[in-house]
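*Asks:* The Zn(2+) binding site annotation in Swiss-Prot covers 569, 573, 671, 675.
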């Protein structure tokens, strides 16, 4: 019997529900607490902590799920195979059943066999199924042979790979840790298709297709390779929905099942090709699923991490659309079809439909502008390279940097021409580019001072969270050229290192404190405070007296400046949370610069913010300010916050103990900076600009408190000045300006009419000076005060009026002469406009340029111009 994919999914979940399993939702496509993974790539990911015995509080012993998965890189990289094989996908759905310290091998195998072969379930022919087991797993082998009664020639023992401890039938989470043998079930499509039996060179498709993998986690692997049996065992199984659906429907390609057919039909309608069996159609059908599910989890295209994977997938799909003759934006048009196909088990697609379509449109618009040029350059280069030769990494990088070609897209195109790429050279150029970008980015500027680690060996204890000034001891003094000194007694720049300090060292986007370090003998002005590794350096100048190493001093920050910095830092946290509320959860901090004057905040977003969005963000922040909410600080551990909604820049390195800054539950972030005690201290928040700084990254600049009031006062002053200039009241400025603009449009129309009338009159007047020589009309005239645009217009109209003509018109304006020569195309075989102009400029001085039918230039000798214009008439006559 034939079933739809949705029916198979429901049958699977119901079957295991009746076997005592709890049906749980699949985890998000972006793993919540696993930094080792960009995307969820299997059903077991959400249960990883249970398998590695970190989570003992899980209340279920038996679970079944449908899990959305994505594989585009690393160990499980299906990206390059998508479209070229019938079974590989970037996005796919995995059915799974799991046992946590409950049933083991016998029940797991019996359940799988019953679901696949019983008449009440999928009713697959037992004769079509083949089995692989790990060579040392005799228990599984005997279950298949003696209990399930599989012919032993259909049970293949798989050993370790050559010269390795790895095996396709022995699952390992890593080099050490939980592991165990697995048994796989294969479906045999029959000997009409090519392919060897499972285990022979990896089981070539398409004859034998793996449909179910059952993993038995029963060992712990030590660093020396020894396997220790676990006291409790686990079962982790996975069956690809797309593959089993193809088997049930007796088709050899996943692209022929109901999950793909509507998409392929729609793509075919948009394309110029005639057959659905096309690699480019398969690529697009796969990629539109992957793109949509990634975007639905609030990821947008960018140049890093999840966003870059999304960009790669979208741009590969666009290129394959180009292969199909699709020249306009098309990906967003496929979304309604996708929702109709997959929306039942994935309601998030319908919920996020508008966002998915808009993100796809924007990314297509960006890439389609450069795709054609990049392809032209690449194909030109490929024509010069012999098959099996290598494309330079430099060109591949140029395509990446200039035309936005992800490297795998270039690899894909080269693969079609049997050409490889110098990847090492590409990576070298890419790494250099990244380094240059870091050096140029003001949010990541390096310290202006370089201190060798061995120069300073005593760390500074920071007390600035609690105190504004403290008694301290000078540990080290560094002067120019990285030299230590025992005393400073002149006014040169120096760096003081104290054993304890209230000065915050520049980090996390927050500028360092300034202030004074002093005692009875001397006073040191701290201009800025820098971090040198874990050591705080006070950079400044001696103002008076002298200071010695080991002196006891008073270190005192500039408190008003610190308070202004704190206000802006807390405002930055409010801004971050507000942006995520208004724009979406895809917004993440990409950098910041927080000073006492203003704040700059870089964030991920792929479109300019409109005025409404900016004002909504301002309103949210100012309401939080008005509520005067307490800003609390908590010392905690990374482990303790893993299950909390805490924002953190995970590219940053955090210590075991971290500071959590909370503004109620509105904003909770890990942060080492200094903050105000109450939101009310901020006073007022005002955004001054919102710009793009790179693809997918926006920057907001904002001010707070007195600086925000100053901005508003400046805007009021500007409005008043404009009102005075317009002789209008401030509340009528818009109407007054609209009236002026309308009047301006009306006057422009009048001027244009008068201009055209003037040109018409000049053309009529010049037509009377026409001289016919042989069959050619010649008009030569010097005008006054007509600009170059007018002369061009006059010459064009005269050439249209006199279909066989030579026109020479000059004009003196502001004591400069301009000249245009026009020759109708039916005369250019006898005389050239450029030749006429060159003869005049040679006699009169000046220069110009043009073509045979039109030329223009400037003349220096204005006095002789009338004489030479008369002479040129004779010369033209001689040439006709």
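Glycine is no exception: its Cβ is also placed from the backbone N, Cα and C atoms.
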*Asks:* Taking DSSP three-state, what's residue 671 (Zn(2+) binding site) in: helix, strand or coil?
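*Replies:* In the DSSP reduction, residue 671 (Zn(2+) binding site) maps to coil.
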*Asks:* Would you list, in sequence order, the residues of this chain other than 569, 573, 671, 675 that have their CB within 8 A of the centroid of the site's CB atoms, where the site is the one recorded for Zn(2+)?
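*Replies:* Going along the sequence, the neighbours come out as 566, 570, 572, 631, 661, 669, 673, 674.
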*Asks:* By a simple count, how many Cβ atoms lie within 10 Å of the Cβ of residue 675 (Zn(2+) binding site), its own Cβ left out?
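*Replies:* The answer is 25 other Cβ atoms.
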*Asks:* Measure from the Cβ of residue 573 (Zn(2+) binding site) and count the other Cβ atoms within 10 Å, all protein chains considered.
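*Replies:* That number is 25.
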*Asks:* CB neighbours of residue 671 (Zn(2+) binding site) within 10 A?
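*Replies:* Step by step: centre on the Cβ of residue 671 (Zn(2+) binding site), count other Cβ atoms within 10 Å, giving 22.
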